[in-house]
């Protein structure tokens, strides 16, 4: 029995999809425990590139059962568009299962999201506008709509009418928008009920039974540690807990059943949207990482902000999640760049901080303290063992490992599933 949690260690886009794709073929279940269609990931299988948003990367596994857990917020229109797109390319999504307790994104959530961001102007957080935050707000406010609700029309109608009593007041009186008609939202959800019904299960029961039977479960967290609503760069965060603890809550698998926690981290750092970013680059190297690394958001098409590796964040992520292992990705992007700076600490108002500053105000003012290491010029995309890497690449990896708080067990040297060096197998941990 193995229960492995995959967590992004930075601000997302670290390569979680690749890690899930590799491990997904070795497990019986792949679970997405949080998030929605606001964070995409790219998976390359058999030379084919798949861009997934709501579905877990495990949907591309030929054997694993993919599950959307209770912590996910689901846009049904986006869900079925993604399923249809995969099946049109020959992929089989028929094994997908969905927790009855997952919450649903209503059209009015998307409207509220976009209107609020527009109203905030320069103070906007930079959301994707897909209604994720407002859906989580309704969940916490106990006025949300869950998957199970669309199979009972009277409950569904009651919940929607109750929610719109308040939301229409806000839309009309505060934002000068038209009121939303409740019946249109009711019919929107009912139109998906028949197709959705065969997919819905008691996911918590299913997963715990599987673990009792000695089966293997992989939990694929969305977003990343630094976007966690509690542990991230608040308020420039998502509305859920994409950390290891959140994976337990969003799946119904208890923390004592977790056998490994795998942090996914790039050999440099990226971020999408607003918020502090101490190692961000504004010169030719930022453009270089953006271009060579293909740093454009899968979900939004926005260019990602790029910067050097930040070991302060790596140590923080390791501590918050209790990482047993790290999966280092995109090492190949750093080939041939001369010298590679590594952020080892921050300076805040003249004081050195080796760990994450306690306050967001200090983090906003943090200046990186760098040490540099020489880069390598050799092509490493064909390396399959650590010893095949150039010595300078080996030295860089080992230095990052020393600084980051957990052992490096996987190294990505290209986008393909096979372009991975395995130092330690978490399935055997």
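Glycine is no exception: its Cβ is also placed from the backbone N, Cα and C atoms.
For 13, the entry in Swiss-Prot reads active site, proton acceptor, with the evidence type sequence analysis. There are 29 other Cβ atoms within 10 Å of the Cβ belonging to residue 13 (active site, proton acceptor).
Taken from Swiss-Prot, the feature active site, proton donor covers 41, and the record attributes it to sequence analysis. DSSP gives residue 41 (active site, proton donor) a strand state.
Sequence-distant neighbours of residue 18 (GTP binding site) (same chain, 6+ residues apart, CB-CB distance under 8 A): 42, 43, 44, 57, 329, 412, 415, 417, 420. Look at Swiss-Prot and you will find 12-18, 40-42, 304, 330-332, 412-414 tagged as GTP binding site.
Other C-beta atoms found within 10 angstroms of the C-beta of residue 302 (IMP binding site) number 13, with every protein chain shown included. Marked as IMP binding site by Swiss-Prot: 13, 14, 15, 16, 38, 39, 40, 41, 128, 142, 223, 238, 302.
What Swiss-Prot lists as Mg(2+) binding site is 13, 40. Its Cβ placed at the centre, residue 40 (IMP binding site) has 19 other Cβ atoms within 10 Å.
Spatially close to residue 304 (substrate binding site) yet at least six residues away along the chain are 13, 270, 271, 272, 290, 295, 296, 297, judged by Cβ distances under 8 angstroms. In the three-state DSSP reading, residue 304 (substrate binding site) counts as coil. Residues annotated as substrate binding site in Swiss-Prot, with sequence analysis given as evidence: 298, 299, 300, 301, 302, 303, 304.
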Minimum Cα separation from residue 331 (GTP binding site), reported as the residue among binding-site residues 128, 301, 302, 303 that achieves it: 303
Other CB atoms, at most 10 A from the CB of residue 413 (GTP binding site): 26
Which of 41, 303, all recorded positions, has a Cβ with the fewest other Cβ atoms inside 10 Å: 303
The one of 12, 15, 301 whose CB sees the fewest other CB atoms within 10 Å, among these binding-site residues: 301
Of 38, 42, 128, 223 (the binding-site residues), the residue whose Cβ has the fewest other Cβ atoms within 10 Å: 42
Largest CA-to-CA spread of IMP binders 13, 14, 15, 16, 38, 39, 40, 41, 128, 142, 223, 238, 302, angstrom: 34
Candidate nearest residue 15 (GTP binding site) in space, where candidates are the recorded positions 38, 40, 41, 128, 223 and distance is Cα-Cα: 41
